[in-house]
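TrEMBL annotations:
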- 83-101: transmembrane segment (TRANSMEM)
- 108-131: transmembrane segment (TRANSMEM)
- 169-192: transmembrane segment (TRANSMEM)
- 172-240: domain 'Sphingomyelin synthase-like' (DOMAIN)
- 204-219: transmembrane segment (TRANSMEM)
- 225-241: transmembrane segment (TRANSMEM)
- 265-278: compositional bias 'Basic and acidic residues' (COMPBIAS)
- 280-289: compositional bias 'Polar residues' (COMPBIAS)
Amino acid sequence: MPLYIAREAPKLWRKICTEASAEVSLLSENWKFLLAGLVFQYVHGLAAHGVHYLHRPGPTLQDAGFFLIPEIGQGKAYMSESIFNFIFFSFILWTFHPFFFQSKRIYTVLIWCRVLAYLVGCQILRIITFYATQLPGPNYHCREGSKYARLPPPESALEVILINFPTGMLYGCGDLIFSSHMIFTLVFVLTYQKFGTRRCIKQLAWLFAIIQSLLIIASRKHYTVDIVVAWYTVNLLVFFVDKKFPELPDRSSASTSPPLLPLSTKDKDSKNKEEHNKILNGNSVDVTY
């Protein structure tokens, strides 16, 4: 086994370098899209922190989900966060699988361009919505009597710009309609639904999304309307973006076997010849986003 690893490790390293070369080329063409999407994540966080200054605690609104789903208590609020973190980091790892696996359908740079487009569209709608109407937060730290329920006016612009990190990220109030956690979850699940290859993982991802929705309501982090609006808004926006943007190139036709390590030299030459013939026939794929 050590001999096998020592022999195959250089092949895996060459595979990573080859993939990195292709991704760097795509990154040089699409870095502005990625940078804009990442900067908007900060803008979204800034907007969510800003609405906290407008939040006024009050009686929890009547909610069908609160009536149907028992409250699990503040001590078990971590359950929905655990599922969210699992989905979040699993998706990130999946987007980088082309660096290691022969079987792949996506380019990492292009998939993140598309994902960030989904996220930014949803977050723009979310910012408009929670600034339009501020509801009394149902979460424990947003209720009357909690020191986080009301924020005093900021003492400096720096306090706002830094989003009072990390307290402002953990104990936000007022940014309710619609759930940011469900935006990320549904965007990731829908992306894997379209570009993933494992049917069982797709089914499991949807199950996790449903469980997370129920746990968010059970832990009283959001009203039911925040979850319901997220479900149909994210799905509709992803559908709209996919109609407007060009289809991403599908790499699965060039690699149908699932081994971890690169192809042998013979197979690689055969593959290169096949790709060369496609180019001569005018079937090459434009990978520019």
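Note: Cβ is positioned from N, Cα and C throughout, glycine not excepted.
Tertiary neighbourhood of the transmembrane segment (83-101): same-chain residues 12, 15-16, 19-20, 23, 107-108, 111-112, 115, 181, 184-185, 188-189, 191-192, 196, 205, 208-209, 211-212, 215, 251, 258-260, selected by CB-CB distance under 8 Å and a gap of 6+ residues from either end. DSSP labels the residues of the domain 'Sphingomyelin synthase-like' (172-240) in these numbers: 53 helix, 0 strand, 16 coil. Of the candidate ranges 108-131, 169-192, 204-219, 169-192 contributes the most Cβ pairs within a distance under 8 Å of the transmembrane segment (225-241).
Residues belonging to the domain 'Sphingomyelin synthase-like' (172-240) score a mean pLDDT of 94 in the model.
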